[in-house]
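Please see the structure below; I have some questions.
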Amino acid sequence: MHLEAAPPSRGGGSIFGQRNPMETTKTGADVLFILLGAVMVLAMHSGFAFLEVGTVRKKNQVNALVKILSDFAVSTIVYFFVGYSVAYGTTFLVGADVLIGKTGSAFAASGYDLVKFFFLATFAAAIPAIVSGGIAERAKFTTQLMATAVLVGLVYPLFEGMVWGTRFGFQDLMKGWFGFAFHDFAGSVVVHAVGGWIGLAAVLMLGVRLGRYRKDGRLVAFPPSNIPFLALGAWVLSVGWFGFNVMSAQVIADISGLVAINSLMAMVGGIVTSLLVGRNDPGFIHNGALAGLVAVCAGSDVMHPVGALVTGGIAGAMFVWLFNLCQAKFKIDDVLGVWALHGMCGFLGGIACGVFGQEALGGLGGVSLGAQVTGTVMGAAFGLAGGLAVYGGLKATLGIRLSDEEEFAGADLSIHQIGAYPEDATTMHDDGLAMSVHSANKRKAG
C-alpha cells in the first residue's frame, strides 16, 4: 500500500486549465486502475455475505445478508465524513471543482483521490464484515450498526493512519529503531489482524450461542446450512482478492506481477494444507484458500513465490488447528472462525513478511523482522483493545445480544420478519389450511 499522497494536479479539465496530453492519459489510467480495484473489492463483500450465509443455520441466513450490506453502507458514510480524515488528514467537505483537481488544489486531477477513497473504503468496510462472521446468530442488529460506525470512524482509521497514512509518528519510530518502516502492503495486519482481534473481543463479549455446549462441556455440532453458498462466498472472495492485493499499488506504474503470483501461490498453499489437516472437510478447504490469502497480503510485494507458498501453507494448517482449538477446548463460539482466519493468519502474515521478504530467502529486502514483529503485535493489541472498548461499552449500555426467545426463533424472523425461503413457509401454511378445510368438509358430508 502506497504511503505517499498522489501528486498535486496541474489542471482539472478544460475549465481549470490545460494539461499535458500524456499526463492526462496517465492520470486517467490511474483513475481507471484503482476504480477497477475498488469494484473488485466491493464484490468481495458479496463473498463475505455468502460465506456467512452458507455457514450459519437456515434461520439466520437473511440476517447475514442484510447485516453485511447494511454494515457496508454505514461504513462508507462514516469513513467519508470521519474515518478517512482520521487516517490521512484529508476532508472531502470542499467544492466539487477542488475534488476533481482544480489547478493549485491539494487533490489530484480527474478525481483520483475520490476513487482512492472508494478503494480504501472497501478495505475499511471489511472490518465489520470480518466481525460479522464471528458474532453471527445472536447479535442485535441495531447495536451492531452502531459498533460499525465507531470501528470504521475511529478505531480502524487510527491504526490505518499510523501505518499507511504515516501519521502519529509510528513509522518514524520504526525506522529509528529498526532501520525500516513496518511493511504491510495490502493489509495482513492493518485490515485482517485488526479486524480478527476486534472480532475476538466481540465474540467474548457476546458469549456462546444457545445449545452450543452440553452441560458436561462437550461441543454440540452446528453444521453449515449450505455448502454451495459457503463455497460460492469463498470463490468470490478469492477472485476479488487479486484486486485487493494487486491494486494496492494504487497507480499503474507500480503494478507488480510478483504480487499476483505470490497471492496465487499462497492461496493454493492454504488449500493443500487445509485439505490435508482438515481431512477433506469442505469448510476447511475453502477457508484454507482465504487463510493463505490473508497471510500473504503484507509481504506479497517483497516475497519470493516459494516463500508465499510456504506462508500460505502454514496459514491453511494453522486455521484448521486454531478453529478446532477455539471451539472444542477454549469454548470460544466464533461462528466463522474469524479470529483464526483473519486475526491469527493476519498476525502470521505480518511476521512472515519480515522473514520471507529478506534477500537471504529470495525476497526483495527492505524489511526488518523487528519492525514486523513490533507492528504486528501492536496491530493485534490495538484491535483487541478497541473491540473490548466498543463492544464492552455497548453491552453495558444498550445490550448487544438477542433475547433467548429471539435467538431460538432465529435472527431472520426476530429482526427482519422473514425467512430465507418465505415461499416454503407460505406453502406450508396454505397446505395446512387446505387439509383442515378438507377434513372439515368430510366430517360435514359424513
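The backbone N, Cα and C atoms fix where each Cβ goes, and this holds for glycine too.
Taken from TrEMBL, the feature domain 'Ammonium transporter AmtB-like' applies to 33-421. Positions annotated as region 'Disordered' by TrEMBL: 1-21. As annotated by TrEMBL, transmembrane segment applies to 31-51, 72-94, 114-133, 145-165, 185-208, 229-249, 255-277, 284-302, 308-326, 338-357, 369-391.
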By a Cβ-Cβ criterion of under 8 Å, what residues six or more beyond either terminus of the transmembrane segment (338-357) are in contact with it?
130-131, 133-134, 183-185, 187-189, 191-197, 199-200, 203, 287, 290-292, 294-299, 302-304, 307-308, 310-311, 314-315, 318-319, 322-323, 326, 332, 363-373, 375-376, 379-380, 383
Cβ pairs under 8 Å only, please: of the recorded stretches 72-94, 114-133, 229-249, 284-302, which one is richest in them relative to the transmembrane segment (255-277)?
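Per the Cβ under 8 Å count, 284-302.
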Who are the chain neighbours of the transmembrane segment (72-94) in space, where the CB to CB distance is under 8 Å and they lie at least 6 residues beyond its ends?
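For the transmembrane segment (72-94), the sequence-distant neighbours (Cβ-Cβ under 8 Å, at least 6 residues beyond its ends) are 5, 45, 106, 113-114, 117, 120-121, 124-125, 127-129, 145, 148-149, 152-154, 156-158, 160-161, 164-165, 167.
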Taking 3+ C-beta pairs under 8 angstroms (sequence gap of 6 or more) as contact, is the transmembrane segment (229-249) in contact with the transmembrane segment (308-326)?
no
Counting only residues 6 or more past its boundaries, what in the same chain has a CB within less than 8 Å of a CB in the transmembrane segment (185-208)?
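Hits for the transmembrane segment (185-208): 1, 123, 126-127, 129-131, 133-135, 138-139, 147, 151, 155-156, 159-160, 163-164, 244-245, 248, 259, 294-302, 331-334, 338-350, 353, 375-376, 379-384, 386-388, 390-392, 395, 400-401.
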Other than its close neighbours in sequence, what residues sit by the transmembrane segment (284-302), given a CB gap under 8 Å and a spacing of at least six beyond its ends?
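Distant Cβ neighbours of the transmembrane segment (284-302) are 51, 183-189, 191-192, 230-231, 233-235, 237-238, 241, 244-245, 249, 256, 258-259, 262-263, 265-275, 277-278, 308, 311-316, 318-320, 323, 337, 341-342, 345-346, 348-350, 352-354, 356-357, 363-367, 372.
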Check the domain 'Ammonium transporter AmtB-like' (33-421) for me and report the mean pLDDT.
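Averaged over the domain 'Ammonium transporter AmtB-like' (33-421), per-residue pLDDT gives 96.
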